[in-house]
Amino acid sequence: MDKVAPGAAGEAASAMAAAAQAAAEAAAANGPMFGVLDIVLLAGMAGFGIYWVYFRGSSKAQPPPSKGYTMQPTLIAPKANENSFITKMKASGKNIVVFYGSQTGTAEEFALRLVKEAARYGMKALYPADPEECEMEELSKLSEINNSLVIFCMATYGEGDPTDNASAFYEWLKTEEPDLTGVNYAVFGLGNKTYEHFNSMGKFFDKRLEELGATRVVEAGVGDDDGNMEEDFLTWKDSLWPAVLDFFGLEMNLQEISMRQYRLETPDVPSEKLFTGEIARLRAYQTQRPPFDAKNPFLAQVTAWRELHKGGERSCMHIELDISNSKLRYDAGDHVAVYPVNDPVLVNRFGELLSVDLDTPISLINIDDQSTKKHPFPCPCTYRTALSHYLDITSNPRTHVLKELAEHTANFEEKQKLLMMASSSLEGKELYQQWVLQDNRSLLHILEDLPSCKPSLDLVCELLTRLQSRYYSISSSSKLHPESVHITAVLLKYTTPTGRINKGVATTWLASKKPESDQTTHQIPIFIRKSQFRLPARHQTPVIMIGPGTGVAPFRGFVQERLKAKNDGKPVGDTVLFFGCRKKNEDFLYEEEFQESINEGLLTLHTAFSREEPDKKVYVTHLLKEHGEYIWRILGEENGHLYVCGDARNMARDVHDIIIEICSKYGQMSASEAQAFVKKLETQRRYSADVWS
């Protein structure tokens, strides 16, 4: 119990006695107000109060109060320091911690590789740490550990934003001023040069840590996903460890160690105790409970599925998902994330090639007791569930995977080929670039093409990265469709240089979800990701939307929202859409809907058809130049908003350059002034982009 100050105790006792006396006097003066029983009760209460303060426990020494804690009415005491990475490092004798900010899993994968490699150099690293699950305020205490080092693998997401799991740490580091003197660090940033804010998170953490007094051990690494991220990482990693050894005055002493991080168990558990695709909670899909998010997706029923293309060999799907019982809310411009399932034909091939019963229950358990990540994916489950729901079986494997596969390859030539590609030699890098990346081989393809390569399936499950959710720009407005989310997606299918047919994981799965009257309804695990891609608050503000192909998806929602406002009698400003596709009669998405909006007097539509005439290709960029004077009037004189959605590598970059040219020409600015003007538009969120590469 917390002690009460003597002065406060005296005041409390005096107050009680005074209250009793006042009651007695009041009773004497006003007989009907208090009876004898009332006075007795009040006097008893006062006496009890005096006893409680002065005499209770006086015969027994009281224990000292708990320092820094107050008693809480909980049934189970919380675990102390369960998120303290410093405590874990000290307890396990480790001196390196690797944090990752990851949206798609690549940064987490790189972090794990660094942890494993640290052991080869005689150092001990804590299992890759998620900033969201750690007490990052402890960073300054890292100096208490001798020869300690913190490594950050930080990806940049969207338009220069931190990843979801690193956002809180980013905000804390940006706004607070912790003293990081004595903290040694290294940073590897992951990004894509097609985006304007390339690697902004890697650059931020590298600069900010130095500003706060930390010591940079090696120059920051920069990974470009538009180029060769793997080669960028290997180049930086090859410079990291020699720099670390030199910084701490250690000698190079490479050790041969097992690179396995998980051990296999084959549990004997009833089927209801096995995960069957749930993301975090067992049987979460049988007993759905809000709130729904990335770790607890909502099973949305497919209520509508239709083909949008009117001809040609390609396919584009319009899918509507029921969210009426989910409490999920969205705005036009938000994204819906879908958890896909791998093609069962590919999944079965693993069982065939490695002679394994895929329905065998397994559990992969982390050999590092200090790690908060006990399993690489939800366990226990079957091999089939892991390969179907949890593992990315179609991506190109990275070089460290090839090195592991080589250890399980019997044929000498096949083994040397894998080892060559896993090496840092120029010849090895060129072979990896050609045979894996350009020929687009997955790990499954490698097992097919190198028949003597026979790793255990549990090793394959450890080497494969997690299957990630796919994000789609929502193509509806909640103002018109509050209980459904619409998706617009092109079915991905292409032939690789080896002659194989590769299919998009998510779109192939979505294509199989077309409702049939004689079949059970289909459900899709989803969650909503909020976006900054928003219509202006005032309906009167004019907007220009640029969205070729499926880039038109969010603008369908924008048009729906502004048309509803207009039909509700609200004044609505200019609503202009620049749309492009190949042929008007084949892939003009939502043509009839947009025509209705034109007929209602809301929408102005400019279309570009790139394959309509064999000798004349017209793109949206051509139309922008033609309407440059109008675009300037909207942006420069009427405070309008401009939106771009679609391909980041070419289209979005070209549009950005054209808008600068338009502002320079019609706004009578120099090139540098026009660039500054467009930059200001972006800062004010009057120039917004929702792009991908």
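Any Cβ shown, glycine's included, is placed from N, Cα and C.
Because TrEMBL annotations are produced automatically, they should be read as predictions rather than curated entries.
Annotated features in TrEMBL:
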BINDING   102-107, 155-158, 190-199, Asp225  FMN binding site
BINDING   Arg314, Thr550, Ser610, Arg611, Lys617, Val618, Tyr619, Val620, Thr621, Asp654  NADP(+) binding site
BINDING   Arg470, Tyr471, Tyr472, Ser473, Thr488, Ala489, Val490, Tyr494, Gly504, Val505, Ala506, Thr507, Trp692  FAD binding site
DOMAIN    96-241  domain 'Flavodoxin-like'
DOMAIN    295-536  domain 'FAD-binding FR-type'
TRANSMEM  32-54  transmembrane segment
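Features per TrEMBL, on structure.
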{"residue": "Gly158", "record": "FMN binding site", "Cβ contacts under 8 Å, 6 or more apart": "none"}
{"residue": "Phe198", "record": "FMN binding site", "Cβ contacts under 8 Å, 6 or more apart": "Thr156, Gly191, Asn192, Asp224"}
{"residue": "Arg314", "record": "NADP(+) binding site", "Cβ contacts under 8 Å, 6 or more apart": "Val490, Leu491, Asp587"}
{"residue": "Tyr472", "record": "FAD binding site", "Cβ contacts under 8 Å, 6 or more apart": "His335, Val336, Ala337, Val338, Ile487, Thr488, Ala489, Ala553"}
{"residue": "Gly504", "record": "FAD binding site", "Cβ contacts under 8 Å, 6 or more apart": "Leu491, Leu492, Lys493"}
{"residue": "Ala506", "record": "FAD binding site", "Cβ contacts under 8 Å, 6 or more apart": "Val338, Pro340, Arg470, Ala489"}
{"residue": "Tyr619", "record": "NADP(+) binding site", "Cβ contacts under 8 Å, 6 or more apart": "Pro548, Gly580, Ala608, Ser610, Met651"}
{"residue": "Trp692", "record": "FAD binding site", "Cβ contacts under 8 Å, 6 or more apart": "Gly646, Asp647, Ala648"}
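On its own chain, Tyr195 (FMN binding site) has Thr156, Glu159, Gly160, Ala648, Val691, Ser693 as residues at least 6 apart in sequence with a Cβ closer than 8 Å to its own Cβ. Of all the Cβ atoms in the protein chains shown, 20 others lie within 10 Å of the Cβ of Asn192 (FMN binding site). A distance of 34 Å separates the Cα atom of Thr621 (NADP(+) binding site) from that of Ser102 (FMN binding site). Within the set Arg314, Thr550, Ser610, Arg611, Lys617, Val618, Tyr619, Val620, Thr621, Asp654 that the record links to NADP(+), no two Cα atoms are more than 25 Å apart, and one pair reaches that distance.
DSSP assignment over the domain 'Flavodoxin-like' (96-241) gives 64 helix, 36 strand, 46 coil.
Distance noted between the C-alpha atoms of Lys617 (NADP(+) binding site) and Gly105 (FMN binding site) is 39 Å. The Cβ of Thr621 (NADP(+) binding site) has 18 other Cβ atoms within 10 Å, all protein chains considered. Just so you know, the Cβ of Lys617 (NADP(+) binding site) picks up 13 other Cβ atoms within 10 Å once every protein chain is counted. Using a 10 Å Cβ-Cβ cutoff, Val490 (FAD binding site) registers 17 neighbours. Across Arg470, Tyr471, Tyr472, Ser473, Thr488, Ala489, Val490, Tyr494, Gly504, Val505, Ala506, Thr507, Trp692, which the record gives as binding FAD, the greatest C-alpha separation is 23 Å.
When pLDDT is averaged over the domain 'Flavodoxin-like' (96-241), the result is 94. Listed binding-site residues: Ser102, Ala155, Arg470, Thr488. The one with the lowest count of other Cβ atoms within 10 Å of its Cβ is Arg470.
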